[in-house]
Amino acid sequence: MQTISKASSATSFFRCSRKLSSQPCVRQLNIRKSLVCRVMKLVSSPLRTLRGAGKSIRVSKFCSVSNVSSLQIELVPCLKDNYAYILHDEDTGTVGVVDPSEAEPIIDSLKRSGRNLTYILNTHHHYDHTGGNLELKDRYGAKVIGSAMDKDRIPGIDMALKDGDKWMFAGHEVHVMDTPGHTKGHISLYFPGSRAIFTGDTMFSLSCGKLFEGTPKQMLASLQKITSLPDDTSIYCGHEYTLSNSKFALSLEPNNEVLQSYAAHVAELRSKKLPTIPTTVKMEKACNPFLRSSNTDIRRALRIPEAADEAEALGIIRKAKDDF
């Protein structure tokens, strides 16, 4: 088993240590322990313990105080670059899955753990987030939960949720947040007790989703809603896009030292075929260009007019990312 320890040579604000699993494609995050770790003042996130294929992976990254919870989160790669997330409550044995693009990887994981599936949660209607719904529902009798606005577009939906709803997953309160922009009916699912949010395709690490159905103004409001959460909130998004996103972000802010360190960390993880997710609210506020549309360097790089408001600037940044 290999161990990696990395510190940023430029700023020394970043430190990461991992034990690599022989099967890096599946990672399970256990946020039961409470630990304290401080790594500089710029960026922080909870200390997490990940487990995969029976071998433990220890991650110390932008650390502060972790949360105490019986909720386990297993990252499951699907399709080309999608992530689904299996949720398991240790106390009750309840299992859910967020955004199953396809059924087979979820079934394989549940077989390995000997677990059943109770809930299927969808952030939006796109096929690469709902493609496994019907097969999983038929196999396990799981209930499908999604946006009320998308109730006619989510396969097999049983329960429709709207902004402000609070739903209980095995004793864990889930706050439903409307986060349109990528699609009109997109929702994000926030677990305050675990400081974790599932953002689907609204927010990625260092980027946001394409504006297929919404407007820059809607996307800006959605991103602001997500980043109003505590800084140590872990963000679980729908795709592994972070490496390419980091290249775009650096093209706009080449002198951002936090971004430089994070981009180097991301490149190292991807070179070992390891996930870059979760990220944190604090990291994204420091590095994500879509959260920094008022930044002078970004505006200068894209020739965004001084008079342009944040929504207009976000639209210009999104167009530049589409063409990058």
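Placement of Cβ uses the backbone N, Cα and C atoms for every residue, glycine included.
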Same Fe cation site per Swiss-Prot - residue from Asp89, Asp178, Asp201, Asp297 joining Asp128, His129, His239: Asp201
Shell of the Zn(2+) site beyond His124, His126, His182, Asp201, same chain only (C-beta within 8 angstroms of their C-beta centre): Thr123, His125, His129, Thr183, His186, Gly200, Thr202, Gly209, Phe212, Gly238
Fe cation site shell beyond Asp128, His129, Asp201, His239, criterion: Cβ within 8 Å of Cβ centroid: Asn82, Asp99, Ser101, His124, His126, Gly200, Gly238
Nearest of the binding-site residues (His126, His182, Asp201) to His239 (Fe cation binding site) - Cα to Cα: Asp201
Per DSSP, three-state class assigned to Asp201 (Zn(2+) binding site): coil
Among His126, His129 [binding-site residues], residue with fewest other Cβ within 10 Å: His126
Per DSSP, three-state class assigned to His129 (Fe cation binding site): helix
Fewest other C-beta atoms within 10 angstroms, as judged across His124, His182, His239, which are the binding-site residues: His239
